[in-house]
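Student: These came from Swiss-Prot, pasted as-is:
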- 69, 71, 87, 90: Zn(2+) binding site (BINDING)
- 491, 493, 495: Mg(2+) binding site (BINDING)
């Protein structure tokens, strides 16, 4: 469907019988209305042609071959009004055969049938709206219980109230006699109801707004009845379950009102028939036919429905029990078609294989939506494993050359022809296959101004697909910055991602303005940061900054390093400041240079000259040691820093005790903050 903003969208929900009939019915040029499937047949066993009014009828669903009718006559498909549009002999229109992919049919049911999704799925929508136990409604639907219809201001013949069991001994012999007695049909139809008819009558009498009001009042009253101090835990649980039920009932009624859906639409009088191309019959080697399970389930419904029609046409001689039993069989056949085995034993074929119902076709990872529609293969797309690219910017991704050449091949051909490296498309493709150096140069130019979209299934929210600026990388895997993984719910243990190329200018503009990864830093649901370090990033940061958190205490005053456990005398040379002299550096560049030259290790403690800090100047911390020098200066050694003072006790310099990991992390943070400040100043 197309909304007011001309956006194509798909909405799934209940529809009225009138809308269902409008979708399935077609009016032929001679005025005949077709669309109802009345026969359970598919193809004729001799001619291999679709049976008329069957599940593959060409009058209902359109011709198998474009422009060829069932008689074999051929007409060119034109728009001229004078040309005959259908065959007068077989009634098949001369139209495109692609109509068989979307043209529906319908089965007119001889009795009302409840939709299994709304009755048997938990929570049951029908039981929720009617506020009745699910078992009672199922017994009513399948004919085990009858329902007394409310008769207003009229005398009642049977004086029944509510539902009553058909198996009660007092009714067991009288009800069949009553049903078959001539002249009592009026009383029977007025005062007794069973099956899906009883469900539909109760749903049609509902006022959704009154349901919402009464449910809200009851919910408020239950909130006041809570037992103090949890005296009766069982009653509290019972009240809690009832309150949760009322909340679900209010939300369901609100949804029905908002979407303009009537509750009685959950009971079917017409059963839609899928287009034939979505439930095909294929001929394999040896002349055998392979059919979709849906066809067999449709045939089962039509067989039982036609049997019920025959019984109803001879109602005067048909026992009422037989009619009720046949209605139950029709209900079960429709349940199997919609959801085989829902809360029961599934139907199987002769090879003990479970039939795939309509629910099995559309649900799950291999269903119609996730595999065929959302996960289908499209042009200008590729797929590969993702690996970590920590050196990438947040808005960049690494694209393997093999994938990039295929995705941007049309752009490469245009670039080669424009720059006169190829005279035609064939020569350009030849150069691309040979992967000449000029191809990589043009590919770099093309990729600089063209974003790509990365998607990881399942796409559960809008951050499941984001835009990136691609760069060429070696190998066959897509490189991704680790900070964007949380939005995709991805990790680097073999996950695969799809890459798409936006072609139109509108798509490229949307990708640049709205979908770039560095513009999607917050969760759209709760506005929390989505680009946060996780897993191996946290481990890396821990290792980078772990170092020695005890300062100089770890070497000098660590009891594990002292041999005083046996009251041994410790030599004075063990009280040196360190076993190995810790180096001093004037700036961070010298420290990193020493690490690169392998003069120190990554976590080796060192002293780094630092700017004067007011917190240290005003600190009243007592130094651990004081080292005096011959020139009169002295060093005050604290737990994590060292102060150099002159003879006049003036603070000359400060050294902090750190390592290369801390220095590297600090520099990264400092550069990021400075870059943010520059960007903020440009915006102002």
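FYI, residue positions are counted from 1 along the chain as it appears here.
Each Cβ is built from the backbone N, Cα and C atoms, and glycine gets one as well.
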Student: Which of 69, 71, 87, 90 has the fewest nearby Cβ atoms, counting only those within 10 Å, among these binding-site residues?
Tutor: 71
Student: Find the one among the binding-site residues 69, 87, 90 whose C-alpha lies closest to that of residue 491 (Mg(2+) binding site).
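Tutor: Checked the binding-site residues 69, 87, 90; minimum Cα distance to residue 491 (Mg(2+) binding site) goes to 69.
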Student: Looking at the binding-site residues 491, 493, 495, which one has the fewest other Cβ atoms within 10 Å of its own Cβ?
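Tutor: Counting other Cβ atoms within 10 Å of each of the binding-site residues 491, 493, 495, the minimum falls on 493.
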Student: Give me the Cα-Cα distance between residue 495 (Mg(2+) binding site) and residue 69 (Zn(2+) binding site), rounded to a whole Å.
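Tutor: Cα of residue 495 (Mg(2+) binding site) to Cα of residue 69 (Zn(2+) binding site) measures 50 Å after rounding.
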Student: Considering only the binding-site residues 69, 71, 87, 90, which residue has the minimal Cα-Cα separation from residue 493 (Mg(2+) binding site)?
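Tutor: Answer for the nearest of the binding-site residues: 69.
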Student: DSSP secondary structure for residue 90 (Zn(2+) binding site), reduced to helix/strand/coil, please.
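Tutor: Residue 90 (Zn(2+) binding site) sits in coil per DSSP, no helix or strand.
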Student: Determine, from DSSP, whether residue 71 (Zn(2+) binding site) sits in helix, strand or coil.
Tutor: coil
